[in-house]
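Per TrEMBL, the features are as follows:
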type	residues	note
DOMAIN	1-199	domain 'Flavodoxin-like fold'
BINDING	SER9, SER15, VAL16, SER17, MET94, TYR95, ASN96, PHE97, THR138, ARG139, GLY140, GLY141	FMN binding site
Amino acid sequence: MKILHVDSSILGGHSVSRRLSADIVARLKAAHPAAAVTYRDLGAEPLPHLSGAVLAAAQGPQAVSDEVAADLKAGAAVLEEILGADVIVLGAPMYNFGVSSQLKAWIDRIAVAGKTFRYTANGPEGLLKGKKAFVALTRGGFYGPDSGMNAFEHQESHLRAVFTFLGITEVNFVLAEGVNISPEQKAQSLAKAAGEIAALAA
Ligand SMILES: Cc1cc2nc3c(=O)[nH]c(=O)nc-3n(C[C@H](O)[C@H](O)[C@H](O)COP(=O)(O)O)c2cc1C
């Protein structure tokens with residue numbers, strides 16, 4: 001089993017989503033000791049935003065600058081990582097109601113027509129079938145159905161759409177919300193998430 005572990009928080013050692021994604025990976029490793037883990041830290045080593053020059057260069061052979069060549073290489077590397085993975089574990093904080101821009105830059109590199117999805121006469125088809133994903137979501141506030149903030153939630157809904165579009169239908173979300181409300185609330189939300197992770201990996 002090949003696990004791709006991706007973190008996307010910019011908060012380094014203070015990150016909550018990193019803690020949860022590491023917990024998920026540790027439990028998967030305990031259940032599958034032979035599993036190989038590839039780790040990508042989008043916070044420490046951000047991918048450049050997808051640009052018009054890179055998109056044009058990816059369409060066919062042409063002379064490109066060193067900068068564009070390095071950019072294409074970085075994009076190809078993350079694409080290979082997800083194509084080669086059986087399980088994706090993602091740490092995904094909510095920043096300004098959606099995912100971090102670092103994570104969005106990664107999504108822009110893995111959503112590639114002909115590689116991870118294709119358009120057919122019957123509409124789009126995801127090509128990452130058979131893979132499984134675990135997503136650790138963290139939020140400072142609350143965005144559930146009764147919170148009054150549900151319409152602002154573009155984090156889980158976005159990731160659900162992306163994974164589904166790419167053909168990954170088995171996506172397990174673990175949520176720790178309200179982590180910036182108070183230390184007590186944070187502890188409670190993390191304990192709940194830890195329980196969910198233990199149940200997932202059981
Ligand atoms: C730049 C930034 C934007 C944030 N935006 C939101 C937000 O829109 N809603 C929210 O509930 N929390 C927001 N937060 C709080 C984070 O979701 C919270 O701190 C969470 O723990 C982040 O996950 P992390 O610790 O793994 O980075 C924001 C935090 C940062 C640093």
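Just so it is clear, glycine is given a Cβ too, placed from its N, Cα and C backbone atoms.
Ranked by Cβ neighbours within 10 A across all protein chains shown, the binding-site residues SER9, ASN96, THR138 are led by THR138.
Remark: GLY140 (FMN binding site) has MET94, GLU177, GLY178, VAL179, ASN180, ILE181 as non-local neighbours, by Cβ distance under 8 Å and separation of at least 6 in sequence.
Annotation for VAL16 (FMN binding site): spatial neighbours SER9, PRO93, THR138, ALA176, VAL179, LYS186, LEU190, criterion Cβ-Cβ under 8 Å with sequence separation of six or more. Largest Cα-Cα distance over the residues recorded as binding FMN, namely SER9, SER15, VAL16, SER17, MET94, TYR95, ASN96, PHE97, THR138, ARG139, GLY140, GLY141, equals 17 Å. If you average pLDDT over the domain 'Flavodoxin-like fold' (1-199) in this model, you get 96. In this structure, VAL16 (FMN binding site) is part of a helix by DSSP. Secondary structure at THR138 (FMN binding site), taken from DSSP and collapsed to helix, strand or coil, is strand. DSSP assigns SER9 (FMN binding site) to coil, not to a helix or a strand.
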